[in-house]
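**Student:** Can you read through this structure? Questions will come right after.
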Amino acid sequence: MGVVDQEKGASSGSLAPEEVGGIHGVPPPKLDAVAEVERDPNFWTRNGLNAESFKKRFYGPGIVEMERPMQPRHLHMIAIGGSIGAGFFVGSGKALQKGGPASLFLDFLIIGIMMFNVVHALGELAVMYPVSGGFYTYSTRFIDPSWGFAMGWNYVMQWAIVLPFELTVCAITIQYWDSDPDHVSIYIAVFLVLITSISIFGALGYAEEEFWSSMFKLIMTVIFIIIAFVCVLGGGPSRGRYDTYQGAHTWYDPGAFNNGFSGFCSVFVTAAFAFSGTELVGLAAAESKNPVKNLPGAVKQVFWRITLFYILGLFFVGLLIPSDDPRLLGADENGNALEGGDSAASPFVLVGNYAGLKGFDHVMNCVILVSVMSIGMSCVYGGSRTLTAMAQTGYAPQIFTYIDKSGRPLWSTLVIVVFGLLAFIKVAPNGKGDEIFDWLLALSGLAALFTWGSICFAHIRFRSAWKRQGHTLDEIPFRAVFGVAGSWVGFILCILVFIATVYSSLDPPDGSPATAESFFISCLAIPVALAFWIAGFFWKKTGWLRVDQIDVDSNRRELDWDAINAYRQEVASWPAWKRLAHHFF
């Protein structure tokens, strides 16, 4: 197994795209052979709409793979707008207040550069090796099985904790229209039921929901950028404040940077949270019909998300909303609390208000609501798929390997949905809910950085082992655009963001004294991840893998190298500008 034809770059013992990934040399079953046994001819069973669909399906020995209903359009829209949520539309307001427009722009740009390299590293690994529910397996395979254990549980916990947060934000966003605080728990229940209902349709339900919600976010963000551009030039209605040329006056008054270096560092936390979920395209690719063909195109779409949504959108926000605007903290000009909660503090909503565009603030609030619910769906999808993959590799209880007849990881999905009930803590009496919720969010605050850093480092280790064992770059069908150098950049930036977070927690930008409580609320994810690592070591009794111990041949995809080489020759014949564009777009 794993004998490589150096001329064609084909692995005689690798997996076909229609096969499922194994681990430790266990041969996986072919999906087609499994499908003949599993797939029920009944429409209602096949689509998870009757009691029969919830029964366990037979999938044979080896690693299980979910259904593959996702199409290229699903993957592309998940890559472009799938993880745009509260961190971008709402959290950017507090980030602007803490760090100023320059910090907002630069920090999101730096995190964007990091994420570009992370997703390209993930794309290269996912095309080579089937993801099948959890890219934590790359940490297991190329770094350290104990660290892979830690990253798997870290990722599950991240989404399990973020789900109740997103449900709460959904309810608070509704308060823009219904300010009765007693209704918050009702809206939390409504959105939890809605997310659960969509999850009944499995991967296809998630894919369709993400496609349409991402399309809506994309269209509205483009409209916002056009409107913001006109407002910056002074083309807003005369009844608003943008009827004269705005230019870059907010960068001079009140200033480009707020709260010095601590303010600059604090924005990194918001930026990292806003980018959380970008890596989900790697999980989604495992449930597409042809990930080898579809994933590279989806990975390249991340460039447009970073450029269009984050960089350009927030640049205009910084030009139109002054960082000392009291409404960024949810208050009016006199410091009184505003109805509408967090969404009223969104700079995107404020632009509509200040421009005098009747109804535009309500439209943007609707965009926020759709975006937050979309992230809630991503929580259920990402958490359940990773938990199932961990159970299949012995890193979680075997009950979570349960796949029903419609292809849903039933118990894994149910566990993540149950975590959504924690959202009701937010409405606990005596104000204790906020305090408890802050500690819950502390568990997931920096979890994504561990995932991203591990992906980059796994790619670096893979390339080292690949070269050590006599392979060439020509044998890699899809290569990260900046190669190992890009992964080093992504990995180092992850470490720098950790350092910046620790620094801002020790020197709060608001001038308040640093306390042990505020420090751990900011950095609790660090000791938790290390605790998982130690637990994994004592359970698995394995440690750091040497480069010569890394297996790069087992369970590789079998690829059509004739088609790949023909396509490479076609690309080589293109003009230089077209080849350059092809690498990035």
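Start at 1 and count along the chain as shown; that gives each residue its number.
Positions of Cβ are set from backbone N, Cα and C atoms, glycine also.
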**Student:** Check each of the ranges 75-96, 559-580 against TrEMBL and return the one annotated as transmembrane segment.
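**Tutor:** Result: 75-96 is the stretch TrEMBL calls transmembrane segment.
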**Student:** Among 108-131, 302-321, 439-460, 518-539, which stretch has the most Cβ pairs under 8 Å to the transmembrane segment (152-174)?
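**Tutor:** By Cβ pairs under 8 Å, 439-460 leads among 108-131, 302-321, 439-460, 518-539.
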**Student:** Top stretch among 108-131, 186-206, 256-281, 410-427, 518-539 for CB pairs under 8 A with the transmembrane segment (481-506)?
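**Tutor:** It is 108-131, which has the most Cβ pairs under 8 Å.
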**Student:** Ranking 75-96, 108-131, 302-321, 410-427, 439-460 by the number of C-beta pairs under 8 Å to the transmembrane segment (186-206), which range is first?
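**Tutor:** Ranking 75-96, 108-131, 302-321, 410-427, 439-460 by Cβ pairs under 8 Å to the transmembrane segment (186-206) puts 410-427 first.
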**Student:** Where does the mean pLDDT land for the domain 'Amino acid permease/ SLC12A' (74-544)?
**Tutor:** 85
